[in-house]
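Structure first, commentary second.
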C-alpha cells in the first residue's frame, strides 16, 4: 500500500486539512465511450467517464464528517488524563475508565504527554516508586473479537460468501488459463460488486479490475495512470487525512514508534532522527514538542528526511515544505533543530549521505516504507536486506518499523489474491464504523488512497509490483540476520493505545507479541509495529 506518503500525518491542529474537495463518481456502470484505448476495462471503476459532485467545506464537515453531533468523536468537556503519579500535569482530554471521546486536539495532547512521560528522568529508586512504575506498565490481555472475514447505483446486498466465492473462482480461472470461464465469471461477478455496497462488494470491485488488468497486462499502466490522475495536493491530503482519522491502527502504529524513540533518547543531549519516508514530516510534531519541554532543557535535534522523488505531489511541494515547518517549530518551541532533505529512493541511501556525527544518539524510522524496497525475489542484489544491514552498521540506539501485516511478497498468485481479499475486506469493514456506506468521503478515500495499491498487488509482477508486504515474522528474520536485536515497545504506551482503540470500536484489537505490537480489526491483524537496536 502506498501509505508511506498517504497517511503519515499526526492528528494535530497545526497539520489539519479541511475536508473540502470535489467528488468524482464513475457514471452508471462505468461505460467508456472514449474511442481512444484506455488502460481500464470497459466497466472499470477507474473509467474517465465521471460525474463531478461538488460541495462546500461546511457541507463536508457537517454532513459527512466523522465528528457528528452525537458521535463518540466529539471534543470532550474537561476530561483529564490519569497519569502515573509524579510525571506531568495538564489536560489531555482523556479519562481512562470513563466514556472515551476523541478529537484532533485531544489526540495531540495524548501523544505529546506520552512522549513527555517516556522522556522524563528516571525517578529516585524507592520501593513505592518501583511498585507504582510496575503497576502502570502492566496491562490486561485484550480479548480478541469474533472472526471476520463499482457501481454507483444501489445494489442488492449479496451474502458475503457468494461474492467471495465468485471472486475466487474468477482468480482461479485466470490462473489456470481458462479465459472463456474467466470472462463469463467476470460478467457474473460485476453484477455482485459495488463501490457503494458492503465491504466485500467494494473490495471486490477493485479486485475484479485487478484481475481484468492482469489478463490484459495493463496493471502497471493503471497504476501509473492513477498516480498521474491524482487530485490536487490539498484535495488528496484531505482524503489521506480522512483515512488516517478513521483507521486508528495507522496513527497508533506511528504512536508506538514514537514512544520507542522517545524512550531510547530521553537522556540524550544530541539526537539524530533518520526518517526513511519523511512525507509531510508531521510524525515528529508531538515528539519535538515533548523534547522542547524536557526537564533540564531541550536537546539538539537533527532530522534527516528521505523521500523518493515522486512523493512531493502528495506533500504539495518538495522537501523544503518540511524544512519550513520544522524551522517554524524550532522558533516556536525554542529548540535547536536541523533538517536535511534527501530526495532519493531508500535503497540508494549511503552512510555518507546521512552525515553521521560522533556524540549523536541515532534513531532510524521506517514507517510503511520497507515493503516498497525490492528484495531478493526482484533484484539479485537484495536491496531490502542490504538497506537493513547498512542501517545496522550505523549503530542506531533504536530502529522502528511499522508495516502492513500482510503476506503478498513472494507468495503464489492465488494465495496473494486470497490474502489481499481478506486484508482489505477487514480494512473496508473498519472504515464503515465511522464513514457510512453512502458517504462520498468514503468512496473518495477508497478510490484515491487504496484502489491503485490493490490493483498493483493483483495485476503486476516483477519490478512493476511495488506493493510487497511481509508478515512480522519475516521482518523479524530479516532484522535478526542483519544483526538487530529486539527493543521491546513500551508496555505503558501499549496500554494507553489499547484504551484509545476502545474509544473507536470494541472490534479493534491489540496483540503484544515478543515485544512487538499487532493492531487489527476483529481477528485480522492489519499493522505491526516493532523496535530494534
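Yeah, the Cβs are placed from backbone N, Cα and C, and that goes for glycine too.
Region 'Disordered' is the annotation TrEMBL gives to one range among 122-141, 362-381, 382-401, and that range is 122-141. TrEMBL assigns the feature motif 'VHIID' to one of the listed ranges (271-275, 276-280, 281-285), namely 271-275. In this chain, the region 'Leucine repeat I (LRI)' (161-221) lies apart from the region 'Leucine repeat II (LRII)' (321-353): fewer than three C-beta pairs between them fall below 8 angstroms, excluding pairs fewer than 6 positions apart. For the region 'Leucine repeat I (LRI)' (161-221), the DSSP-based tally of helix, strand and coil residues reads 49 helix, 0 strand, 12 coil.
For the region 'VHIID' (240-305), DSSP puts the residue distribution at 35 helix, 12 strand, 19 coil. Sequence-distant contacts of the region 'Leucine repeat II (LRII)' (321-353) (same chain, six or more residues past either end, CB-CB distance under 8 Å): 276-278, 280-282, 284-285, 288-289, 291-293, 298-309, 312, 315, 369-370, 372-374, 383-384, 386-387, 390, 393-394. Taking the region 'Leucine repeat I (LRI)' (161-221) as a whole, pLDDT averages 92 in the prediction.
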